[in-house]
Amino acid sequence: MAKKFELRNGQKMPKLALGTYLAHGEDLFNVVDKALSVGYRSFDTAKYYENEKELGDALKELLPRYDLKIEDVFITTKIFPYSGENALELMTKDINQSLENLGRQYLDLVLIHYPRPLDTGDKDSRNATYRKESWLALEKLQADSKVLSIGVSNYEICHIEEMRDYLTIDPAVNQVEYHPHFQRKELREYCQINNILFQAFSPLGRGNKTLLNDSTMVRIANTHQTSVAVIILAWIMQGKNGVVAKTTNGDRAAENFKSVTLKLTDDEFARINELDLATPYVEDRGWEVL
């Protein structure tokens, strides 16, 4: 099976990325080392995670061990919208800092992290303006070749439709919470119809026991002599969706990577499709943001 998706601009993006949320120091270094050794070529970070430089330093030291260059890995970072009138200036400053932190001449993918700034509320009437200004700033940075692809995270259909009034570049990716108990069918189908790669974060529900102990997936995992986590990741990718799997455990990262080549039967895939509980397990609630 192909290990990459093709984004709307022709850029190739690995189907599975290692997430780095809450990863720092030796834990981050060691899991990146293990990930590279088993075949990961995509890493997901964010300004909010405050670990871009640690990831960049780890890659700088580790890539030569595996005869790789920095351009051989796909790096995603995310930036919250700005609550001011100088979005382009602030976004440019942040992107330049990210480039320095990560040791890159360009970033593969930058996402608007959330449909509102960190310092406004969900119902703030200015959120739409802040989203617009930040998106247009990202478009300028892509035009200047500092970013190859741009996209969004935690955006709902209404947020993307709103962009039609001003965008000149459509989002390449929408990264949202997605797993068998929270399948987002309407949003996922909207993204697929509009050629926006639907990418899952928190595919294991941040370790939610209800999800990981689901009897249907436990039986399927036992059939394949693997973990429920691997089954979930394989199911996501088999549905033509990207996925970010976060861990600081090297062995778990290696186990998760087996999902790239695991093939569920049509019956297994269909049975997991029937497990939707419409239940989110993380705190992000993009659908509550005006």
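Placed from the backbone N, Cα and C atoms, the Cβ positions cover glycine too.
Per TrEMBL, the features are as follows:
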type	residues	note
DOMAIN	26-276	domain 'NADP-dependent oxidoreductase'
ACT_SITE	Tyr49	active site, proton donor
SITE	Lys78	site 'Lowers pKa of active site Tyr'
BINDING	His113	substrate binding site
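Summed and averaged per residue, pLDDT over the domain 'NADP-dependent oxidoreductase' (26-276) gives 97.
In this structure, the CA atom of the residue listed as 'substrate binding site' is 5 Å away from the CA atom of Lys78 (site 'Lowers pKa of active site Tyr'). Note on His113 (substrate binding site): other Cβ atoms within 10 Å of its Cβ, all shown chains, come to 23. Taking only the Cα positions, the spacing between Lys78 (site 'Lowers pKa of active site Tyr') and the residue listed as 'active site, proton donor' is 9 angstrom. Residue density at Lys78 (site 'Lowers pKa of active site Tyr'): 23 other Cβ atoms are found within 10 A of its Cβ, drawing on all protein chains shown.
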